[in-house]
Amino acid sequence: MDVPFWVWATTIATLLAVICFDFYLIVRNPREPSMRESSIWVSIYVSLAIAFGIGLSFFAGGDQSLDFFTGWIVEYSLSVDNLFVFILILGSFAVPAEHRQRVLLVGIALALIFRGIFIAVGAAAVNAFAWVFFIFGGILLWTAWQLIVSHDDGDEEYKEPAVVSYVRRVMPTTDRYHGAKLTVRLDGKRFATPLLIVMIAVGMTDILFALDSIPAIFGITQEPYLVFTANAFALMGLRQLYFLIGGLLNKLVYLSKGLAIILAFIGVKLVLHAMHTSLHWPVPEIDTLTSLGVIIGVLTVTTVLSLMKARRDEREAAAAAPAADRPGDYPAEVADMDSDTPPGGTSNRFSRDDEAEPSERR
């Protein structure tokens, strides 16, 4: 796929314009968006990605369009898993609600920059050395294993990146936020605010995620333009997605297992591709359409199973709750008191409520 320079320039300029517009809206009205507003923006970004993929089918062919959609779905699903960590980070730093959008947007902008660098390096390596696919495949298989092991251990504690620890060492930090300021001068000395630290934490964390997601999409397509645009569309709606499904993420208990299966599948696909192109072994290769079917199927099954388990757990929790916690039921001691009340009499426990003054009832 031969992408002219002006197409690259237009794409990057459009992304910069979107980020600047988002930042303008956040600075102008710093607040936490409503569910309705977040759902509208997520729908817009998803619609733009779909429109872009359909446009590719007209200008670049159906195969390129299929590669984009498959890569975009992979990156989007991995980005959803990233939200788990973002929730931990923002909660660990106790970020005020009005600053969360700013933190996420700066982190996403940093991620786009560094992912662009990773994509350029990865594309050059893939074109120069076919055996690089062995490395990419190994990374994905290792990541899949780590996903399973880490979630099985129940390790959901946020661990501060080394870069953040280094910043804390070289620059003193304050214990409280100072509005939207990244640094503040106190007693003649410059301090970093928690807002700066959490922005670095989110950005560095997403860079670490890129070490997994970039090899994953190279397992779908080796075209740098498709890899970059799929990443861009997956990241651009991530901020709104955080506010839209933040509460739902705890219910997607099997999402990590599904992502582990997807990463392992793509890892095997990359290893087979490396055997075919580098070693020239007559091994079967997995086409993009099959990959798309497997990815959508795994995501669908894990989502449905997660929601079914969440609903089952809620029913079990409601059934196991004490009688006093269930509406319409009275505690056992209340029932005992009622049973001791003479026929036609009135229980003292409820008579006090009946005799309460109107002001107390209100």
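In case you wondered, yes, glycine gets a Cβ from its N, Cα and C as well.
Quick look at what TrEMBL annotates:
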- 6-27: transmembrane segment (TRANSMEM)
- 39-60: transmembrane segment (TRANSMEM)
- 72-91: transmembrane segment (TRANSMEM)
- 103-123: transmembrane segment (TRANSMEM)
- 129-149: transmembrane segment (TRANSMEM)
- 195-218: transmembrane segment (TRANSMEM)
- 224-245: transmembrane segment (TRANSMEM)
- 252-276: transmembrane segment (TRANSMEM)
- 288-308: transmembrane segment (TRANSMEM)
- 316-362: region 'Disordered' (REGION)
- 350-362: compositional bias 'Basic and acidic residues' (COMPBIAS)
Interface check, the transmembrane segment (129-149) with the transmembrane segment (252-276), three or more C-beta pairs under 8 A: yes
Segment-segment contact (the transmembrane segment (72-91); the transmembrane segment (224-245)) at 3 or more Cβ pairs under 8 Å: yes
Contact between the transmembrane segment (252-276) and the transmembrane segment (195-218) (3 or more Cβ pairs under 8 Å, separation 6+): yes
Of 6-27, 195-218, 288-308, whichever stretch has the most CB pairs under 8 A to the transmembrane segment (224-245): 6-27
For the transmembrane segment (288-308), distant same-chain residues with Cβ under 8 A (at least six beyond the ends): 63, 66-67, 69-70, 73-74, 77, 219-221, 251-255, 257-258, 261-262, 265-266, 269
